[in-house]
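Undergrad: Okay, these came from TrEMBL:
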- ASP34: active site, proton acceptor (ACT_SITE)
- ASP175: active site, proton donor (ACT_SITE)
- SER7, HIS65, GLY141, PHE142, GLY143, GLY144, ASP175, GLY176, GLY177: substrate binding site (BINDING)
- HIS32, ASP34, HIS65, ASP175: divalent metal cation binding site (BINDING)
Amino acid sequence: MIKIAPSILASDFARLGEEIRDIDSAGADWIHIDIMDGHFVPNLTFGPPIVSMIRPVSKLCFDVHLMVESPETLFPALADAGADRLTVHPEACVHLHRTLMQIRELGMRAGVALNPHTPLSVLEYILDEIDLVLIMTINPGFGGQSFLPAMLPKLRQLREMLEKNGRNDIHIEVDGGINVETASLVIEAGADALVAGTYIFGQNDRAAAIASLRAARSS
Ligand code: DX5
Ligand code: ZN
């Protein structure tokens, strides 16, 4: 079953609570929460206090994507705020293996996000420490960018790598430029979790938008 993770980056922040309630009742599986620090990426969003404030609004998995330098400084506050999964970028972590263990020690699930240029080889010795790989299908920092088709062979290779290691339980999530057309391509290439911001929040009928992504494989 394909997981759909609407990215609240594309929501109306003046009505954040209502927007989250809306995608929750529209059938979202996870809430994708983009935390940016203005250093690792050239954009700035919000931090743990906002995550804590929106926690009572939905029981869905809070899938937190950390586009920040030294992300470990935020882990305790994000655990307290009720984050379920923290996904970090290897380039932001000097000791990636230790960083992933720290996330799990705080009772959260751990993911690794790979930028378009980041090779799959960084995963080789950390597969036991993660439950998700996030393949960036854009360069991180902003919503509304175009999907990079060069990421399709990367997704296929990752699926092969996980199969070879007997780790098909690890989710392959994609993030950036996902709409009904690109969803069918990434699902065919091995993705099982789709982040979508602009595509879902840009439509009045979020339930239809979410359903269309989930059904994209057969379209
Ligand atoms: C960008 C973020 C994405 C973003 C995707 O760095 O990681 O989650 O919200 O936005 P769309 O779906 O509009 O490409
Ligand atoms: Zn994201």
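Note: Cβ is positioned from N, Cα and C throughout, glycine not excepted.
Heads up, TrEMBL stuff is auto-annotated, nobody curated it.
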Undergrad: What count of other C-beta atoms do you get within 10 angstroms of the C-beta of GLY143 (substrate binding site), across all chains shown?
TA: 22
Undergrad: Specify the nearest of the recorded positions GLY141, GLY143, ASP175, GLY177 to HIS32 (divalent metal cation binding site), where nearness means the distance between Cα atoms.
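TA: If we rank GLY141, GLY143, ASP175, GLY177 by Cα distance to HIS32 (divalent metal cation binding site), first place goes to ASP175.
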Undergrad: Starting from the Cβ centroid of HIS32, ASP34, HIS65, ASP175, which together make up the recorded divalent metal cation site, report each further residue of the same chain whose Cβ lies within 8 Å of that point, ordered by sequence.
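TA: For the divalent metal cation site the neighbour list reads ALA5, SER7, LEU9, ILE33, ASP63, VAL64, THR87, LEU134, VAL195, GLY197.
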Undergrad: If you count the C-beta atoms lying within 10 Å of each candidate's C-beta, which of the binding-site residues GLY141, GLY177 ends up with the smallest number?
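TA: Each of the binding-site residues GLY141, GLY177 was scored by Cβ atoms within 10 Å; lowest is GLY141.
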Undergrad: Quick one: pull the CA-CA distance for GLY143 (substrate binding site) versus the residue listed as 'active site, proton acceptor', whole Å only.
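TA: Counting only the Cα atoms, the answer is 10 Å.
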Undergrad: Any of the binding-site residues GLY141, GLY143, GLY177 with a C-beta atom under 6 A from ligand 2? Give them in order, or none.
TA: none
